[in-house]
Amino acid sequence: MGVGLCGRGIVAKPRLYEVASDLGTDSKTLMGILREMGEFVKSPSSALEPPVVRKLAKAFAEKYPDKVEEKKEHTPPAPVVETPKAPPPLPRPIIRHAVRGVPSGAPRPGNNPYAPRQGMGQLATPGPATKRPVKFKAEGDKKPASTHRRVPAPLPQKRTPLRGRGAPGAFGRGNKPKSRKSKTLKRQEFEMRDAPVIGGVTIPRGDGRVIRLMQGASVTDFAEKIDVLPANLLSVLFHLGEMATATESLDEATFEILAEEIGYKVQIVSPDDEDRALLESFSVNLAAEHAEDSELDLAIRPPVVTIMGHVDHGKTLLLDTIRNTNTLAEESGGITQHIGAYQVSVGDRFVTFIDTPGHEAFTAMRARGAKVTDIAVLVVAADDGIMPQTIEALDHARSADVPIVVAVNKIDKEGANPAKIRQQMTEFDVIPEEYGGDVMFIDISAKTGQGVDALLEAILLTADAALELRANPDRTARGVTIEAKLDAGRGAVATVLVQSGTLRVGDRVVTGCAYGRVRAMVDENGLPVESAPPSRPVRVQGLSSVPKAGDSFIVVAEDRQARQIAEKREANERNAQLAKSRKRVSLEDFTRAIQEGRVQSLNMIIKGDVSGAVEALEESLSKLDVGEEVSLRIIHRGVGAITESDVNLATVDNAVVIGFNVRPDRKARDRAAREGVDVRFYSVIYDAIEDIEKSLKGLLKPELEERKLGLAIVKEVFHSSRVGTIAGCSVESGSITRNAKARLIRDGVVVVNDLTVTSLRRFKDDVTEVKSGFECGVGLGSCDDIRIGDEIETIQIVEKPRA
């Protein structure tokens, strides 16, 4: 029995009914044992892995030892009994002599068509002619089965050293030589023998090996890394309660659960490393290019200064004072909602300024501004002091490892206290120079212009003292996209900051998922420029789509190369987005949620004028916390006007369209009115966040509140064949109303709940309500267990809106 199982398991995967036949039982019994072991099979025809077969045989022997013994007792002994009866007629010396005495001219054994046993291992004796046929044929005709069973005898098999004509059965008729297994096959068999069995499949254990995967990788990608079939990994995921397909993008948490189950460790490659590997596959190595620059190639470049701080502390007004413009009046709500990049002249030198939003929703924008800057100017209002976004901007500047200059603004206002600002900043390890530190504090008034020249001088002094600002202007351009938008007449327009090299009109560029040839470049004043050296911000036209703020841009040699890089980035970003939006749902939770209808979601489409504002709005909405019952799904986001395709998508997915500083075209407006799509427009970001939060709370199921209506004491109990048990009551408080919900209370304990006042009478009249101080007869439907002294409490369930 055991040999049959092991032998069959190694050669192929046996069916369940075959294993049941070997064990002498039925398939139903084995299916029950497999269910207890945690292995689930669909039918008796299901194939089993060898380790599962071994565990099943062991479990069956432990559970049904009597059947195993009975199987052993009824095993037929025929092969064991008949085998020793064959040897007596053919003594061993004669066989040995026959092998040696075959003449060279004799016909080859096995080729005689009249021989009764061609290919057998026994030979005729080489005695006289009269003896040989009689003796050989008599034995051969008598017991052919016995002589056939003597074939595996050890002596004839060992005495066959001659290859050509020694042993019968040559030319493929006898015993074939055993092929030696390769080391790889032996190692695989050994690994599979010790491999764990999960969900009915066998997967080699990883023993802690680290597997690197890209964001948004699929089960197929993981399977290729560890050299197993994707179907096996899907079986393991299903065993763990996860539903997925072979090509579906999974999140990091799902990969960690899967890898831990089979003995691996998963490391998700960061987006920067992933993009670096992508560029290197196209022979673009940014680090190597910077290393190749010699000292003679480097030239001095202007410093890049980012103005940061809390909202309404005067950052944009300060920049307007420096530039002699009025940017603040153009921003909705009086707050900056875009990143602005400008270059101004200070004497005979240039300084590039980047203005970042101060509102809390624009954290990502401030982080990007800190990464591309050389110096951070931290604006703090002298009357407000340090605020939350002030601390956040300080953290961004420190994480970017850039020097800081503190501008204490609004010193012209009443109640301004610059000394207090300096003392508060020391609590965050920002020590002014007058206190013995290394940070310059400049008192300014952006409104009157007081101290602005001193601030510019402090910026240049910091740049000369702490930084070595040089770049190679003679190579292909590299930089970063500061902001991007979709212009009605110009198409996709991106504000880029050149960090090295020189960007020229006609260059082939790729930034994020957008690519194209630079058709035109203009500066911050709208004047056309032909080239942009390092630290120069320009607006670029000619891109295929709107890139995201913060995307790096590079110049490549061919249009085809730019398109391939952009398409590959778009595919990676799509996979990462799918993995991010995928919610891990167990089988039980998924089924239960559908049955109970607990899943509610608000689908949204966000369109904005610039990509940075769309990103900030999306990030702020994702942080809204309104409980687990309601989810927010952003099914599409983009830059530009609201189009008819956006309305069509909202119609299909029952979504709300949010327009941030954009409007729908005529077709989209008509389609939205016809389909009843909710389209909302905002120009200030926190207005949008507040309205959407209220909408999400409106999706929440109202809280149910129980209100007490009245209490009655049972004085008498009457029984009626028509209406059942009737309680004669005295109303103690409130009122008793017909059809009201009620509960029966006895000695302070609720005896019966969820009752209804089915009948209510006062004397012989049916009434709808009996107030406190009066007596009445109360019927509680089929409830008959009513005793004198019980209390009947009526209640009302009301819906209470969520706070």
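For all residues, glycine too, the Cβ spot is worked out from N, Cα and C.
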Message: Between the candidate ranges 269-276, 309-316, 669-676, 789-796, where does Swiss-Prot place the region 'G1' annotation?
response: 309-316
- prompt: When DSSP states are folded down to helix, strand and coil, where does K315 (GTP binding site) land?
  reply: helix
- prompt: When a 10 Å sphere is centred on the Cβ of K315 (GTP binding site), how many other Cβ atoms does it contain?
  reply: 28
- line: A correct count of other C-beta atoms within 10 Å of the C-beta of G309 (GTP binding site) gives 28
Secondary structure content of the region 'G4' (409-412), with strand meaning DSSP E or B: 0 helix, 1 strand, 3 coil
Query: Tell me which residues of the chain lie with their Cβ under 8 angstroms from that of I411 (GTP binding site), as long as they are six or more apart in sequence?
result: A382, P418, D443, I444, S445, Q450, G451
Message: Is it possible to get the count of other C-beta atoms within 10 angstroms of the C-beta of D312 (GTP binding site)?
response: 17
